[in-house]
Amino acid sequence: MESAIRPFKMDVADSDLQSLKTKLSHATFAEEAQVSESWDYGVPVSDLKKLVAHWKTNFDWRAQEAKLNALPQYKTVINVEGFGDLDIHFIHQRSERPGSIPLVFCHGWPGSFLEVTKILPLLVSPEDGPAFHVVAPSLPNFGFSEGPSRPGFGIAQYAECLHKLMLKLGYDKYVTQGGDWGYAITRLIGIEYPTHCLASHLNYIRASRPTLTQHPLQYLYYLLPRTAQEKAGLARTRWFMTQGLGYNLEQSTRPSTIGAALADSPVALLAWIYEKLHDWTDAYPWTDDEILTWVSVYLFSTAGPAASARIYYEAQNTHPKPREDKRMMEYNPGVKLGLSYFPKDLLVFPKCYGRTLGPVVFERVHDDGGHFASWERPEQLAGDIREMFGPGGGAYDVSMVWSGK
């Protein structure tokens, strides 16, 4: 397989677009009834019908494709130990400003490289503060990256893949940004490659309750009465754990079963993803074109729309011990952390939880925003990152690595 870094443009086959329209024309919907129109039961049938009609008759994938193809996209082969060569797709936009900081942006599910597009100009060419060279890969099995052909590709392998991509691009030292699976992957990058990954910013914070023996100061904070904001965050967390976790259990245990529906039916794929776009955001005003572009990236993905579900299974079943989820929540003293909390994220714990992950040098609790912060609140997220690495920020010394000072 060719190992060079090659420019890439999306070019979905006309036959695939025609197949989509044919399938949409033969879609069968559940009967509209009072229960089928309540979000408590999932995506309302009327909403689904409206989106399918737009997808079939008005949505212009070629226009979206052309817009995305204006971004600097590439592919290159990364060898992952035990899994061989994988052809990886990524956006790589360098800043013209001297001393810019290399940053790898890691998406999750049901996101993609699309999530970086709104914050790219805010990080690459900001009016003030530090600038960044931004690398935003499609994870293996997502978007236009190839997927592994054998089982066992866990979070450590995703971390290895992204780390090797950064090295191949000439970035021996870099920083990371992640939410959703990007949290897990960038956490392991910091644990496995601490001399390369100098700092991490997270907008999804999964952490354990502090204990008296391991984190005595944070444990004292934990014992204090909860603020109204903390109570609301814990209520949001309880909602997710009791009412929003079904997809996770299915994809963690039998990804091929739901995968059969996602691979065969664009309507099933739309419903499966659109539910999350609705439930996981803070009243974000999704347009039909935005929704269908997100879903189309999955539909037309290199590994197929079923492949991305397998990350849940592999994360739960990867060996050897200790399990990766335990490692990623341990204190890592070598990588500085920035944490941005958004109230409509999925897990919204008090700050004393997040401080058990490592040396926290930046924290901000936002008044609004949800799980897809880079899409919902790009100015706020990019502002947090710039402040963390800017003059007076907790990771300003990290930015000096590239400034030549």
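Quick reminder: no glycine exception, Cβ is built from N, Cα and C everywhere.
As recorded in TrEMBL, the features of this protein are as follows:
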- Asp180: active site, nucleophile (ACT_SITE)
- Tyr312: active site, proton donor (ACT_SITE)
- His371: active site, proton acceptor (ACT_SITE)
- 5-116: domain 'Epoxide hydrolase N-terminal' (DOMAIN)
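Neighbour list (the residue listed as 'active site, nucleophile', Cβ cut-off 8 Å, at least 6 residues apart, same chain): His107, Gly108, Trp109, Gly111, Tyr204, His371. When Cβ neighbours within 10 Å are tallied across all protein chains shown, the highest count among the active-site residues Tyr312, His371 belongs to His371. In terms of DSSP secondary structure, the domain 'Epoxide hydrolase N-terminal' (5-116) contains 44 helix, 26 strand, 42 coil. Confidence for the domain 'Epoxide hydrolase N-terminal' (5-116), expressed as mean pLDDT, is 96.
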